[in-house]
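Feature annotations, courtesy of TrEMBL:
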TRANSMEM  A:12-37  transmembrane segment
TRANSMEM  A:43-64  transmembrane segment
TRANSMEM  A:96-119  transmembrane segment
TRANSMEM  A:125-150  transmembrane segment
TRANSMEM  A:157-178  transmembrane segment
TRANSMEM  A:190-213  transmembrane segment
Amino acid sequence: MRALLLRDLRLALRAGGGFGLGLAFFLIVVMLVPFSVGPEAQLLQAIAPGVLWLGALLACLLSLDRLLALDLEDGSLELLLTAPLPLEGALAVKALAHWLTTGLPLVLAAPFLGVMLQLAAPGHLWLLISLALGTPALSVIGTFGAALTVGIKRGGLLLSLLVLPLYIPTLIFGAEVARRGAAGLDASTPLLMLAGLTLAVVALMPFAAAAVLRMGLR
Amino acid sequence: MQVSDLSVARGGVPVLSGVSFALAPGEALVLRGPNGAGKTTLLRCIAGLQEPLSGRIEGAEDRVAYAAHADGLKAMLTVRENLSFWAQVFGMSDLSPALDGYALRPLADRLAGTLSAGQKRRLGLARLLVTGRPIWVLDEPTVSLDADAVALFGSVLRGHLAAGGSALMATHIDLGVEAQVLDVSAYRAAPDADLGASDAAFL
């Protein structure tokens, strides 16, 4: 398991691994928002939590189609299936590697991008907390989507169509935490819902992903 | 390992039925048959990558090391990193038999993506040595190997068999290894045989 995690991290950081792509995408999307809606501070402040959450979510989606497709292409996915690792565990580790290389940089960058969108002062902390709690769910759900579409040529778009609806609950509660935090309201209810959602998908999705992957490769 | 009355399907179509053989430690078995006869499908079943339609495979679980057309190499990892990843996955630590067996030591710090096709193949076969598994299931192991590398593979295989391992291979090349031959075309499934390919409706 640890070997798989280290291998995936190492591959992500080497040339062509795509590390930083999601982060750069997030940066550009957030930068484009003031150009599209205008520079009014009041308006930007109101939409900042939602825009930041949406940007992070789309950035997470960007690298999902590589998650299993590369391993399928070079044959290592089949070899992993014959290895003594439980497939559920291997997929959970791959989701963790995806989160560490894609989700975590987004979480850390988001408060700085919040400044660009005039996010109100206590909101940065809440944005950080909500993304830190929510993005693991995005990676795990995405792993399920990647397992579902792994054998399909040009499955990337299909993957997005399948995964985005599943992201909705996380988006709702995550953005709500950030919005309430920024407005100085009590954010504990959506925060608990967000944490509960993440825990549930982290517990269940690796099993679902392993089941569909076994079916797909047969 | 014992295989009895095995039937396998490819793409929902039964290709082989009633395959039975036994493989004892120290033995090698070569599968022969024309293209499309079902050699790869049979090997995938035995490796556990696909379910047989019927029949039993005994003594294969968690003892099989599988090598197919794709070597499972990561282009951006070095030869040594590729090998040590698989060694760790299989709970082994010693890479030297694999590096020495296939003369990979001079290449150990090269990225796998910069190797030639034959060198990649040698690395793919070296992976078998770091799995520590007794039964090798090999699908066309000598593809893109030159005569010297085939000889290397033959000697590694002899060593594996002498150490009590066994090998099941689909190959058309004489490896200089004493092996039984199983011609799978004798087990061809009847074209209209309905052996319960349950997923046929979806294909």
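Just so you know, glycine gets a Cβ as well, placed from its N, Cα and C.
Using a cut-off of 8 Å between Cβ atoms, the transmembrane segment (A:125-150) and the transmembrane segment (A:43-64) share at least three residue pairs, counting only pairs 6 or more apart in sequence. Long-range contacts of the transmembrane segment (A:43-64) within the same chain: residues 18, 21-23, 25-26, 29-30, 33-34, 37, 98, 101-103, 106-107, 110, 113-114, 117-120, 123, 127, 130-131, 134-135, 138-139, 142-143, 145-146, 159-160, 163-164, 167, 170-171, 174-175, 178-179, 181-182, each at least 6 residues beyond the stretch ends and with a Cβ under 8 Å from a Cβ of the stretch. For the transmembrane segment (A:96-119), the list of distant contacts is 4-5, 8-9, 12-13, 17, 19-20, 22-23, 26-27, 30-31, 33-34, 41, 44-45, 47-49, 51-52, 55-56, 59-60, 62-64, 67, 125, 127-128, 131-132, 135-136, 138-140, 142-143, 182: same-chain residues at least six beyond its ends, Cβ to Cβ under 8 Å.
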